[in-house]
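Trainee: Sequence annotations record features per position, and here Swiss-Prot assigns substrate binding site to L79, C80, H81, M116, E117 based on sequence analysis. According to Swiss-Prot, the feature active site maps to D131, an assignment based on sequence analysis. Look at Swiss-Prot and you will find 150-177 tagged as region 'Disordered'.
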Amino acid sequence: MNDHDGVLTHLDEQGAARMVDVSAKAVTLRRARASGAVLMKPSTLDMICHGTAAKGDVIATARIAGIMAAKRTGELIPLCHPLGIEAVTVTLEPQGADRLSIAATVTTVARTGVEMEALTAVTVTALTVYDMCKAVDRAMTITDIRLDEKSGGRSGHYRRHDADVKPSDGGSTEDGC
């Protein structure tokens, strides 16, 4: 599985925080997919899907925010390595009458993975949806943010047992609205 199972690698022997030294790791293709959702009133989701929000195109703005966030993760998470990102895909799809599902896939060729970048992309996408729609629905709930799948590196492939990962995910930019 992983050389560090059960060990907090961001702490040294004295318990002080440190950035993990990845210089001895191989440079490999790494990919991570995360997901989450925003729960809202059906009228809010309808407004988003029909493009009638007062602040503009919620889907396009949230997608761009998520992509930008993935690229800035190393600045936001203190011990996260700054990485060159090869690709970021963010999708937003309505599910039912009151749920906007978000997925982000991040790809790099590096010595460390992009799980945090994918999780950050989903989180900032959801926050942007909330920001753009809060005037009409302050009760929106950001929920279920999680890592669904990752590949590459020493720890190999991980797929969450209940992940709903589409085989073609990673390249699609079509949204269900």
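Cβ atoms here come from the backbone N, Cα and C positions, even for glycine.
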Trainee: Determine, to the nearest whole angstrom, how far the Cα atom of M116 (substrate binding site) is from the Cα atom of D131 (active site).
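Mentor: For M116 (substrate binding site) versus D131 (active site), the Cα atoms are 22 Å apart.
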Trainee: How long is the line from the C-alpha of C80 (substrate binding site) to the C-alpha of the residue listed as 'active site', rounded to the nearest angstrom?
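Mentor: That separation, Cα to Cα, works out to 26 Å.
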Trainee: For the substrate binding residues given in the record (L79, C80, H81, M116, E117), what is the largest pairwise C-alpha separation in angstrom?
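Mentor: Site span for substrate, by Cα atoms: 13 Å.
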Trainee: I'd like to know which of the recorded positions E117, D131 has the most other Cβ atoms within 10 Å of its Cβ.
Mentor: E117
Trainee: Enter the number of other CB atoms within 10 angstroms of the CB of H81 (substrate binding site).
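Mentor: The answer is 16 other Cβ atoms.
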Trainee: Highest CB neighbour count within 10 A among the binding-site residues C80, M116?
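Mentor: Highest number of other Cβ atoms within 10 Å: M116.
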